[in-house]
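Colleague: Sending over a structure as structure tokens; questions will come in a sec.
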Protein chains: 2
Amino acid sequence: MPLFLDSRAAGFDRSFTEFLGAKRESSADVDGIVADIIADVAHRGDEAVIELTERFDNLKLTPQTMAFSQGEIDTAVKTVPKEERAALELAAERIRAYHERQLPEDARWTDDTGAELGWRWSAVDAAGLYVPGGLASYPSSVLMNAIPAAVAGVERLVICAPTPNGAVNPLVLCAARLAGVETIYRIGGAQAVAALAYGTNTIAKVDKITGPGNAYVAAAKRRVFGRVGIDMIAGPSEILVIADKDNNPDWIAVDMLSQAEHDESAQAILITDDPDFGEAVARAIDKRLETLERAAIAGPSWRDNGAVITVRDMEEAIELSDRIAPEHLEIACAGAEDVAGRIRHAGAIFIGQWTPEAIGDYVGGPNHVLPTARSARFSSGLSVLDFMKRTTLARMTPAALRAIGPAAETLAISESLEAHGLSVRARLDALNEGED
Amino acid sequence: MPLFLDSRAAGFDRSFTEFLGAKRESSADVDGIVADIIADVAHRGDEAVIELTERFDNLKLTPQTMAFSQGEIDTAVKTVPKEERAALELAAERIRAYHERQLPEDARWTDDTGAELGWRWSAVDAAGLYVPGGLASYPSSVLMNAIPAAVAGVERLVICAPTPNGAVNPLVLCAARLAGVETIYRIGGAQAVAALAYGTNTIAKVDKITGPGNAYVAAAKRRVFGRVGIDMIAGPSEILVIADKDNNPDWIAVDMLSQAEHDESAQAILITDDPDFGEAVARAIDKRLETLERAAIAGPSWRDNGAVITVRDMEEAIELSDRIAPEHLEIACAGAEDVAGRIRHAGAIFIGQWTPEAIGDYVGGPNHVLPTARSARFSSGLSVLDFMKRTTLARMTPAALRAIGPAAETLAISESLEAHGLSVRARLDALNEGED
């Protein structure tokens, strides 16, 4: 049974804190295995990747078949039904339009000493997108990872997608093509991350690796972080819905199930100011679970990790929501816009009853790669900025150096960094001589 | 002797690639020790922090003395000479002015379906800044970490600074006060990072940890990444100077030594189109090393890691520079502005002969916490954005949902995520009924 909490009940704060601290993911320690895989790929390259792919994905590759050929992609893309292709195209177009607005601006100005200051943004040269195989192989994730990279201006974009037993989802290839990705490797797991980070004879190394994955992929990303950039370590999905009684309980129920059906470790939470409404949603969830295709996943998720929290008022809902720092936050209550404006920690907010979270998974425009496990406290969803970096610029004139150089020299001396001071002093002395 | 390379020589590319791949840092594997320290602090809190501080810093603390009292800070700040205080104030003012321009803008717009989209930036609630002790305890780093956080709007800012044997640098405390940081803990190492990430009875946990540190601090930051945000894993400092013959060789020499004096693992590289100028700089470095206070550090750094690379022209200099992706790049040649404009990978660029890199360490305005070890390929220097996160916003209207909902439903079904589709369908059905 999901957890029912009432903020007016004795011991609520302790129960809520315990609920917040509960760990949903199985903490299988795969770090040692992953370290060995990475070392193996770093040393033996293609050979290791091929062996590991045979072992883990039951697929025998050669350097020649590691990537899909353009012909193979063509063939797969042709099997995609027209309606699905059109839906992918609409999604791609809307995601592109949203992310194009994220392109950051360069800046350059002259301050009152005459110093020119500024910064300039540029794209990374190459990015590798990880696309999980099997059940969690989502074409929408291909769009959400590849389009921001393309908008950023990344020149070389590749995808790694495992194809266990050789099975491939044609929509993944179709989404890759729509996003402009030409190179798709049939490899996955820690070996794919290692190949992208270290490079092999066949796979050129990249500068940034993004995309979700299982525990092995997550551990591998953590290990190669620093050698390459990574996006984040993704955990199971979460949704928090803040709703008052003026909602259809069934709509809220399916919204919550749309996260619960991802994974048994996923979490759906309802915060409401009306206990009767909370119970109505719980009943509606039970009813939907009777027929839901993925009830075997959504059911345990709801029962083990779900929660209905009754609060005194929306003030309290905002406060609890910020403590949860949810990945997805749906706000369906009177004054939803005002409530949304006061939330500080959330990956994505869906405002009003006409905005089911699933819209954001596919066609809304914002990214669906979002911070999980309370990391919205300090991190953001994937964006164009993840594929760019900023170079700061400074240009002194003799006058600017005269104005601020002596302070730099003073601080250098106080930090016992003589050469730092000398590099300023040598120029100031030349300027002073020039004046004589 | 530093490495001398000439791009016209046979085998240059291989030599350059080897040079790029050379590892400068001692790779002491401290990961196991750090894992134990973190587990210990996570479980025993203050008690573990106190024991570890006694063991590593030879300093006996109590929960009451873990943080400096305001009186202790007052007393220390009073000992700072007037000139140094004024220099710190100028630095703080300029760093603040630069970083205030980085504050990102929120966005909100309505698209042609009537959907409202956008995003909103907000600061993290709490940040912990790590300030190394001993030799590398730099008040300038306090400003460079704390001011962006303060500009971002971080409400709770704390510093951890080890004080081996109780020794403290009054300028560090003065810089903290100038930057608006009130709480400074006398703890360091992996135990400080663990305390900031997990919290203890005395030390409240934070959301983001930034600042440089030794191998233990770096390993600890990598381990707690995900539970809290971190800035980057910093390596030894580097400078690349691109200079033609119209420069004073001694100026370039002290610029290069200003990185070499940081650390024996630091690296200073000159790229020039004039071999005679390269030799003149090398001679000037040798001459300066005869008297430099930190010759015992800068000498080995220059001899073991330094390099002079002669190129055919500045075109080639740009290309090699991007392969190096230097932390600091000084451009002192004809057309410096144009060369700077064509560089793609560098943490910070210093343009023209009047801009020694040391200006950027202290008073230029841009941040001096910059990506090392070629990570400027994919990451940026510290900025206000490191202390903020972005929440995406979406609000559908019935008309917008009618326009894009069916595509979301199609994609949900194709991904076998039935509840995702139902959450859209339930609303579309209600809209259609409303029409009947």
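Note that Cβ sites are derived from N, Cα and C of the backbone, with glycine treated the same way.
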Colleague: Quick check: of B:D111, B:D112, B:D125, B:D361, which does TrEMBL put in the same substrate site as B:S237, B:Q259, B:H262, B:H328, B:E415, B:H420?
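Modeller: The record-listed residue among the candidates is B:D361.
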Colleague: Within 10 angstroms of the C-beta of B:H420 (substrate binding site), what count of other C-beta atoms is obtained when all protein chains are considered?
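Modeller: Around the Cβ of B:H420 (substrate binding site), 30 other Cβ atoms lie within 10 Å.
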Colleague: Using C-alpha atoms, which one of the recorded positions B:Q259, B:E327, B:D361, B:E415 comes nearest to B:Y130 (NAD(+) binding site)?
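Modeller: If we rank B:Q259, B:E327, B:D361, B:E415 by Cα distance to B:Y130 (NAD(+) binding site), first place goes to B:D361.
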Colleague: Reported as an integer number of Å, what is the Cα distance between B:D361 (substrate binding site) and B:Q191 (NAD(+) binding site)?
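Modeller: Cα-Cα distance, B:D361 (substrate binding site) to B:Q191 (NAD(+) binding site): 28 Å.
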Colleague: Cα-Cα separation of B:Q191 (NAD(+) binding site) and B:H262 (substrate binding site), in Å?
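Modeller: Here the two Cα atoms are 25 Å apart.
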Colleague: Checking interface proximity: list the recorded positions among B:E327, B:D361, B:E415, B:H420 whose CB sits under 8 Å from a chain A CB, in sequence order.
Modeller: B:D361, B:E415, B:H420
Colleague: Enter the number of other CB atoms within 10 angstroms of the CB of B:E415 (substrate binding site).
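Modeller: Taking every protein chain into account, the count is 21.
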Colleague: Validating a neighbour-count step here. Other CB atoms within 10 A of the CB of B:Q259 (substrate binding site): how many?
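Modeller: For B:Q259 (substrate binding site), the 10 Å Cβ neighbour count is 33.
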Colleague: Please find which two of B:S237, B:Q259, B:H262, B:H328, B:D361, B:E415, B:H420 have the most distant C-alpha atoms, given that the record lists them as binding substrate, and give only that distance in angstrom, rounded to a whole number.
Modeller: 55
Colleague: Using DSSP reduced to three states, classify B:Y130 (NAD(+) binding site) as helix, strand or coil.
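Modeller: In the DSSP reduction, B:Y130 (NAD(+) binding site) maps to strand.
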